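A.B. asks: My questions will all concern the structure given below.
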């Protein structure tokens, strides 16, 4: 009988321990919070970082077709500010770049939106985001210091690497270049995607 009591006591203990563990989890607010956190994290791991379909549609407009190469006067460039035209173009050091894929930076609400549709050379070379630093006519940049010219050259390199070069900024009275449809930069694979 003593062996039966010990066996019965052992069975009762294991039943109490398993029932006690569940009871402890569901009766303690801290344990419920931790259990909920574990379930949430497990859900996020299994589900992954999939954006909701409605969020991605609102943030990103459909990509625009590639702009054919052409040259722009400062007045023609002004139209491509992301407001009048969905495409955003900027001129840097006499080169015009399509920065539409960088809309978050260069769009109307972006931190560099003042440069959209403009020659941004002087503003980038002098680190000035004021509209007063930008000129409405062609800016020959002859008054930039050597340090500012080097800064501008660095910006030019970055934009050449990252964005599509669509043409050049024309001086007053300068004739536009006639580009062939086949003329493209040599190595498109080196251009970085956003």
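Note that Cβ sites are derived from N, Cα and C of the backbone, with glycine treated the same way.
Taken from Swiss-Prot, the feature topological domain 'Lumenal' covers 1-24. Annotation source Swiss-Prot lists transmembrane segment at 25-43, citing sequence analysis. According to Swiss-Prot, the feature topological domain 'Cytoplasmic' maps to 44-194, an assignment based on sequence analysis. Here Swiss-Prot flags 50-70, 174-194 as region 'Disordered'. Among the features that Swiss-Prot reports, phosphoserine is placed at 54, 56, 180, with the record citing similarity to another entry. Swiss-Prot lists 71-170 with the feature domain 'Cytochrome b5 heme-binding'. Residues annotated as phosphothreonine in Swiss-Prot, with similarity to another entry given as evidence: 73. Annotation comment: Swiss-Prot describes 112 as heme binding site.
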A.B. asks: How about long-range neighbours of the transmembrane segment (25-43): same chain, 6 or more residues beyond its ends, C-beta under 8 Å?
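C.D. replies: For the transmembrane segment (25-43), the list is empty: none.
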A.B. asks: Would you find the one among the modified residues 73, 180 whose Cβ has the most company, meaning other Cβ atoms within 10 Å?
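C.D. replies: Sorting the candidates by Cβ neighbours within 10 Å, the top entry is 73.
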A.B. asks: Express the distance between the Cα positions of residue 180 (phosphoserine) and residue 112 (heme binding site) as a whole number of Å.
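C.D. replies: Checking the Cα atoms of residue 180 (phosphoserine) and residue 112 (heme binding site) gives a distance of 32 Å.
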A.B. asks: Roughly how many Å lie between the Cα atoms of residue 73 (phosphothreonine) and the residue listed as 'heme binding site', rounded to a whole value?
C.D. replies: 21
A.B. asks: Just to be sure I understand, if DSSP states are collapsed into helix, strand and coil, how many residues of the domain 'Cytochrome b5 heme-binding' (71-170) fall in each?
C.D. replies: 40 helix, 18 strand, 42 coil
